[in-house]
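Enquirer: Have a look at this one before I ask anything.
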């Protein structure tokens, strides 16, 4: 528990540092919207992954998607 | 949106260094687990596919000289569908680059930095790549050119002392199981070759366009030559035990003991690996951020670099216990769909459009593209 608290603190520090580094480049309102629509889900995901490390991800969704095609290719 | 002048040769060096990156260490295991002693044949069988991919990309670039795949797919597929396809394509780039990052952190944790947290290794790597990418296309493209002599000489320093241990009898019997096994091995190699499609993000900046196709073919040929040499060296020395090791190239370097003076050459392997992985990740990161900025119509791609690299670090850990699945058939089909399928579809569409468009309409488009 203590370890994950440290991890959350480090990730938050890194995220704040990123925001400070990029802040002057964000002049355009559209760029700002796009930046935050990448930044906020990313940050949330980082915190979620620290708390629940076994969260199902894109790989688990991708496997069943391509499995029929792979089977077809390897049978013939 | 971005102005830069690079040469065709520099793009060729960038792309083959980037594609060679992860294949140097892990490809011998992945391929030889299916092919056994005919492992040397697989890269040669994969060569035509590489030529095809590169030909598609260069052909599309000749039709739309100042545009990347993201821009002309919006033009060819229509705006809403184009944006949807582009976002999936960009996710593909980010996703595959994330797994390269994961392979790098795994390698570092398994062989050198045993107690460092993986997050630190991954983030410091991505920070270097993000700084390179933010400096612009010229830095990204010229960086591998600068370090190519270092990489080549270090690789030769591993190969040269091992020549005396080569045992060519390891390759016998040749083709004992027919061509099916080497073809399967060539299919396994398809988790590297489709990365050549990322070239389309660099081709609009090339100043000497006349030679692009030959340089691109040369790039694929050099990649094949390096992989072929690695397979031959590794299999001729380690033999049938190759599939057992995770990093056979590393074993090769540890094996070397020349006059009891040149030993522990694995640190050289790490140097090569770090340099080449930086090239590979910046190759993907630049493509993803430029593509996203062009897809959404932004004036600059620079603000998007750091959020995308953050997402890359996360994707490399999200529900992934190890990266072996990258070489599974399902994942290779995912590579092939975006590596060959999408460019082939776009080229077909643009040929159809040229064939059936009215002459005056065609002139209009010509004027539009020659910006």
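Just so you know, glycine gets a Cβ as well, placed from its N, Cα and C.
Just so you know, TrEMBL annotations never went through curation; they're auto-generated.
According to TrEMBL:
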TRANSMEM  B:6-27  transmembrane segment
TRANSMEM  B:39-58  transmembrane segment
TRANSMEM  B:78-100  transmembrane segment
TRANSMEM  B:112-133  transmembrane segment
TRANSMEM  B:139-159  transmembrane segment
TRANSMEM  B:189-206  transmembrane segment
TRANSMEM  B:212-237  transmembrane segment
TRANSMEM  B:268-292  transmembrane segment
TRANSMEM  B:304-320  transmembrane segment
TRANSMEM  B:332-352  transmembrane segment
Enquirer: What residues elsewhere in the chain lie close to the transmembrane segment (B:139-159), defined as a C-beta under 8 angstroms and at least 6 residues from its ends?
Expert: 4, 6, 9-11, 13-14, 17-18, 24, 132-133, 202, 205, 226, 229, 233, 249, 252-253, 256, 265, 268-269, 271-272, 275-276, 278-279, 282-283, 286
Enquirer: Looking only at residues six or more beyond either end of the transmembrane segment (B:78-100), which have a C-beta under 8 A from one in the stretch?
Expert: 21-22, 69-70, 195, 198, 277, 280-281, 284-285, 287-288, 291-292, 295, 308, 311-316, 320, 323, 326, 334-335, 338, 342
Enquirer: With the transmembrane segment (B:39-58) as the reference, which stretch in B:189-206, B:268-292, B:304-320 has the largest tally of C-beta pairs below 8 Å?
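Expert: So the stretch in question is B:189-206.
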Enquirer: Between the stretches B:112-133, B:268-292, B:304-320, which one has more Cβ pairs under 8 Å with the transmembrane segment (B:6-27) than any other?
Expert: B:268-292
Enquirer: Assess whether the transmembrane segment (B:268-292) lies in contact with the transmembrane segment (B:332-352), where contact requires at least three Cβ pairs under 8 Å among residues 6 or more apart in sequence.
Expert: no
Enquirer: Where else in the chain does the transmembrane segment (B:304-320) make close Cβ contacts, counting only residues six or more beyond its ends and a cut-off under 8 Å?
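Expert: Counting only partners 6 or more residues beyond its ends, the transmembrane segment (B:304-320) has Cβ contacts under 8 Å with 94-95, 97-99, 101-102, 105, 118-119, 122-123, 126-127, 129-130, 133-134, 281, 285, 288-289, 292-293, 298.
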Enquirer: State the non-local partners of the transmembrane segment (B:332-352) in its own chain: residues 6+ outside its ends, Cβ under 8 Å from one of its Cβ atoms.
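Expert: Sequence-distant neighbours of the transmembrane segment (B:332-352): 49, 52-53, 56-57, 59-60, 63-64, 69, 72-73, 76-77, 85, 89, 92, 96, 187-188, 190-191, 193-197, 200.
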Enquirer: Sequence-remote contacts (6 or more beyond its ends) of the transmembrane segment (B:189-206), Cβ cut-off under 8 Å?
Expert: 2-8, 11, 14-15, 18-19, 22-23, 27, 30-31, 42-43, 46, 49-50, 53-54, 57-58, 60-61, 65-70, 93, 96, 137, 140-141, 212, 216, 219-220, 223, 227, 280, 283-284, 286-287, 290-291, 326-327, 331-332, 335-336, 338-340, 342-343
